[in-house]
Every structure is written in C-alpha cells, then in structure tokens.
2 protein chains.
Amino acid sequence: MTIKYPAGTRQNNSVQNTIRTGKTTKKALTFGKRGMGLEDEINEANDYYLANRLAVVHKKPTPITIVKVDYPARAAAKITEAYFKQASTTDYNGVYQGRYIDFDAKETKNKTSFPLKNFHPHQITHLANILSQGGIGFVIIKFTTLNEGYVYPASSLIKQWQDLKGKQSISYRDIVAQGYLIPESLNPSLDYLKAVDLMLESLK
Amino acid sequence: MTIKYPAGTRQNNSVQNTIRTGKTTKKALTFGKRGMGLEDEINEANDYYLANRLAVVHKKPTPITIVKVDYPARAAAKITEAYFKQASTTDYNGVYQGRYIDFDAKETKNKTSFPLKNFHPHQITHLANILSQGGIGFVIIKFTTLNEGYVYPASSLIKQWQDLKGKQSISYRDIVAQGYLIPESLNPSLDYLKAVDLMLESLK
C-alpha cells in the first residue's frame, strides 16, 4: 500500500521497511483516513510532528537475522536468506519536549476488551525499564470497530499484566477509565500527542 | 565474532542483527578488550547500564528493504531477497535519567583528524532535530591508534559540518578541546556515560 503524504510533511521519517509485520490489517478500514492502518496513522503523525517541530519519533526497523548475503561484482549487496526476529523492545521511541517517549501500538476488532497476548513479555519488561529511568512509556490501543484510540499508560499495563496471570485481557472499561482517548483530528488523523499531554498533565 | 558477556549482564539488549554493517573493523584491536570493536564495546556498555539500571539504550536494527518473502508450509517465513538501506537516523538512542539521548559511534585509524565523510547528511539533520526538541545528541569518536574515545557534542559537530563545506575533517585538537574524553574503565570497557555526565555538567 502506498501512502500519499501531504506535500512537505514527509521528511526522512518514512516507513523503515517495506513489508508489514502483521500488526496492521491490510483491509480498508472505516475509521481515520480510508485505507490507513494503525501503523500508517502513527507514521503520518510522526511525519507531521517532525515537520512541525513538535517531536522526533521514529519507528524502529524490523529486526532481522541475516544468514546469507551475496556480494555481486557491480551491484549492491543482496541478502538471500534472512528471518524475522522477535523485537526485544517496543516499535517506537523518540523525544518530546526534552523527554524520552517509548511506546508500542496495537489494534483489535474486539469491542469489550483488549487481549494481553498482543504483548510479548520482553516488551512489558522493556516498558518497566523505561519507567524506572524516568521515561514516558505507554501503548496506543485502537478499537477499530468502535473507532476509538487510547493512550494507555505503561504503569497500568504492567500492573494488569502482573495481576491478570490467569485472565486474558484488559477490559474496555479499564482502558476508558485509565487511558486517555485520542481526540478526533484530520491532520494528522491520529494526533496521539494530544492524549500524551493529558496523561502527563494528570501525572503531575 | 562471538562476544562473551559477563554473567547476568546480558538482558535483552543483544546485537540486533547478526551481520556487521561495516562500521567496526573485524581485526583484533589493541585497545579495550582484545578483539572488541567499537560497536561491541558500546553494546557491552549498554548491557551493563541496563543490568545496573543506569540507562536504557539500544542499538537500532539495521534497516532493510525486503523484496521477496517465502512462506513455507511448516516453517518460519524466509526472506529470500532484501537489500541494506541507508539509515535515516543514528544507530543508538535511549533514556538516561529521564532524558532522551541519541548518538552514533565511529572509529578512525587517523591520529590527527576525523573525516566528516563518516557521517551522512541525514544523520546530521537528525541530530539537529534532536537538539531542537531538547534531547541530548552526540557522537562517540574513537581514535583507535591513539586508544582514545570521545563524546563529542552534536552542537559542535553540526556547526563544523556547516562550516567545513570545503574542508574534509575535524581536527583532533578540536575534538580534544570540545569533546569529553571517555575515561579508562574495565567493566564496561567503554563507560561512555561518564563522559556524557561531564558534557551535561558543562552545559548547565
């Protein structure tokens, strides 16, 4: 899928890899900009933030284990065997008003809860490490059917991850109560820093 | 090259890709830990910082453009055609005492100067963006022959990059004057946060 960016807003913050890693659906969605998955929306927001000097946030490249590389005589090195590797951190990090922010983004079609299996244990550990260093950690959770996106604090996620060993998901009610709704917006379509502002305000 | 980490210090901060991207030499070096290149030394320091809760810094995965992927019936997806892509940011970022830090690391055999061609224009732009957001930006420059490593502020690098359009390198003298020598250390062998502390102190 090719994304058309507004002229001038796309600096060097483009999608770092050309393949999807299964976190965003490929179907046209009815919320936000037509045809944009959550990852595209976040990339668009990051481009907007960079162009408008509001924040510098990049998606990390997909981690790959490279097994074989060909070095043709007059051409670029070609990777001929490689495998996807599980990321040991979250997908996004950067700087916002001097502070470190770090997050992952997930979407679900569920309407009443968010399955915790969407996160890997090392991502939870990573977010806990970030918090212990005074960084700002959160996840963006999008309920695609409801067309609602939330910034959900890492502190809440970590607590529930520990509590809910048996239970499989966080209830929608908890996310509404402890998260921060990302307000509707046109450009960027997912102006998540607005919700981060609310979170930081309430942490003061 | 396999790196042996001290027991317990290697959390999930391992080298993200198994191939080198040409920034570190493969020859055994006479400084630091025998056989460790600069990238290995930084990874070792990051592991140490993570284990001792001093900072959370990770190397970003190498950016790759994936062209072809096979999905065998009962095996993991296999990438069969991909190419190395130029990174649009620096290699390392993370959080240190609540603040965002961002840097790249380069080494040279030169004794009197550091060639600016080691940096790409978009890395300089990225560091400028980081500074404008209040982040801490720098480069680690290692003179391998002299066995000296410096934390060199992004502000100095950006200024010289702009000034030295014609001239090809920063003099060793400038790096000594404007940079912060990384003190000798055993574990980790490249305790670069010590020099970052000096830099932050002088910026106050």
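Cβ from N, Cα, C; glycine included.
Annotations in TrEMBL come from automatic prediction, not curation.
Record features, source TrEMBL:
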BINDING   B:Thr89, B:Asp91, B:Asp104, B:Gln123  Mg(2+) binding site
SITE      B:Lys106  site 'Transition state stabilizer'
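In the three-state DSSP classification, B:Gln123 (Mg(2+) binding site) falls within a helix. Proximity to chain A (CB-CB distance below 8 Å) holds for B:Thr89 among the binding-site residues B:Thr89, B:Asp91, B:Asp104.
Cβ atoms within 8 Å of the centroid of the Cβ atoms of B:Thr89, B:Asp91, B:Asp104, B:Gln123 (the Mg(2+) site) belong to the same-chain residues B:Ala87, B:Thr90, B:Tyr92, B:Asp102, B:Phe103, B:His126, B:Leu127, site residues excluded. The sparsest Cβ neighbourhood within 10 Å, among the listed binding-site residues (B:Thr89, B:Asp91), is found at B:Asp91. With respect to B:Lys106 (site 'Transition state stabilizer'), the closest of these binding-site residues in Cα terms is B:Asp91, chosen from B:Thr89, B:Asp91, B:Gln123. In this structure, the recorded positions B:Asp104, B:Lys106, B:Gln123 were compared by how many other Cβ atoms lie within 10 Å of their Cβ, and the smallest count belongs to B:Lys106.
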